[in-house]
Amino acid sequence: MEGNARGGGHSEALKNYNLGRTLGIGSFGKVKIAEHKLTGHRVAIKILNRRQMRNMEMEEKAKREIKILRLFIHPHIIRLYEVIYTPTDIYVVMEYCKFGELFDYIVEKGRLQEDEARRIFQQIISGVEYCHRNMVVHRDLKPENLLLDSKYNVKLADFGLSNVMHDGHFLKTSCGSPNYAAPEVISGKLYAGPEVDVWSCGVILYALLCGTLPFDDENIPNLFKKIKGGIYTLPSHLSALARDLIPRMLVVDPMKRITIREIREHQWFQIRLPRYLAVPPPDTAQQAKMIDEDTLQDVVNLGYEKDHVCESLRNRLQNEATVAYYLLLDNRFRATSGYLGADYQESLERNLNRFASSESASSNTRHYLPGSSDPHASGLRPHYPVERKWALGLQSRAQPREIMIEVLKALEDLNVCWKKNGQYNMKCRWSVGYPQATDMLDVNHSFVDDSIIMDNGDVNGRLPAVIKFEIQLYKSRDEKYLLDMQRVTGPQLLFLDFCAAFLTKLRVL
């Protein structure tokens with residue numbers, strides 16, 4: 001590794017690292033390998049130039065990836081260790097993946113043996129499921145965004161196109177590479193999110209087992225035609241179970257497409273499934289409560305105070321101590337097993353059991369947050385939990401036309417201006433100039449600070465004059481129709497008051 005003096009002007013910001021060679025160069029930055037001085041472990045550092053990002057309007061993409069990766073701790077999602085901001089650059093310190101992209105691995109080896117393809121696919125599904133359970137849809141899953149560490153384990157990366165899913169809000173932005181994009185995405189239709197990632201996983205599984213893509217054509221219109229029609233062929237060398245699973249994932253109708261849970265339960269997926277992938281995915285709230293005692297002691301040995309480290313970890317703070325902790329933790333378990341998650345989970349169970357047994361002797365030996373459930377129970381659950389069913393909006397079995405008629409009547413009664421945005425989608429505007437709105441505004445404003453009920457961009461010392469929102473009707477899997485209202489701008493509490501008034505006007509739901 002080269003010293004800081006040769007870091008190209010990054011020495012002050014990256015004083016805790018020795019910069020090495022450049023791994024890749026992009027349009028608004030580069031990725032370098034580096035060594036963390038304190039622990040000696042390698043990391044990858046994205047160096048993003050702020051001015052170039054602004055010029056290319058890519059700031060939001062970078063912010064989105066940082067926000068998501070800060071939330072996630074999973075053995076098959078790339079780890080974010082810290083983010084360093086300077087006036088000119090943003091430095092994103094991430095897990096280093098020695099063997100690069102899965103894409104290059106497939107190109108080099110061609111189609112994989114079924115057992116190896118299954119191992120990789122199991123890890124991908126584990127990471128994708130974790131994203132979905134934390135209300136994040138990746139939207140750009142492809143072998144180029146799947147990295148391989150020193151043990152050839154998969155790490156989901158590049159969350160720049162990802163979206164946080166909100167209850168009742170569909171996505172419409174067309175993201176990702178055309179070859180891996182679902183039919184509803186390239187058609188510009190509204191989609192909820194998870195089913196899009198399922199389609200991309202189906203394309204990736206096909207590529208792993210066949211060494212080629214199911215949908216490929218140099219002519220983009222022809223490519224789109226194949227995707228929209230679900231036109232592809234299954235090679236004869238595929239096993240019967242693989243031939244059953246792939247078509248279930250590549251179903252054109254997203255409502256009929258297999259779900260992540262159903263993939264998990266499929267017989268092909270279950271073969272040689274590692275124990276740590278067979279148990280429920282870890283919960284981010286529970287993860288923050290668990291601290292590995294051995295790794296904690298290693299950090300203390302580096303000169304950090306134990307209580308300070310514990311408090312920082314509990315509160316998910318970024319500082320030198322927590323960066324060292326996670327680097328040591330990841331590299332410890334990566335060195336002992338190809339499956340980081342299995343050793344990680346078993347070690348945490350051992351340490352947390354040790355903490356629990358010594359609780360009566362001293363409360364200071366417990367390093368998980370108060371209020372948590374049995375700290376070692378989650379890893380011992382024998383059965384996969386029932387999948388959560390999200391109710392997005394108001395459910396009704398009435399016919400769409402009948403529902404929309406009642407919606408329009410309610411909007412008219414409340415003096416709402418609306419504009420058709422699609423067959424069952426409309427943009428609405430409600431002015432606070434009307435008596436009922438003014439009354440609500442007075443009530444809310446009397447006890448709520450403006451900055452609390454504003455959007456970030458609306459904090460200007462006064463309440464906006466209007467509420468803008470969208471109404472959308474869509475069909476669910478169980479033959480029900482769901483009516484959703486999504487606030488765009490305006491005071492949150494006033495919007496909730498409007499929703500209550502709107503509900504009283506509806507007679508069909």
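Don't overthink the numbers, they just go from 1 along the chain as shown.
Glycine too: its Cβ is placed from the backbone N, Cα and C atoms.
Residues or ranges marked as active site, proton acceptor in Swiss-Prot (evidence: sequence analysis): ASP140. All chains included, 20 other C-beta atoms sit within 10 angstroms of the C-beta of ASP140 (active site, proton acceptor).
For 17-269, the entry in Swiss-Prot reads domain 'Protein kinase', with the evidence type sequence analysis.
Residue counts for the domain 'UBA' (290-330) under DSSP (helix as H, G, I; strand as E, B; rest coil) come to 29 helix, 0 strand, 12 coil. If you look up Swiss-Prot, you'll see 290-330 marked as domain 'UBA', on the strength of sequence analysis.
For 460-508, the entry in Swiss-Prot reads domain 'KA1'.
Mean model confidence for the domain 'UBA' (290-330) is a pLDDT of 92.
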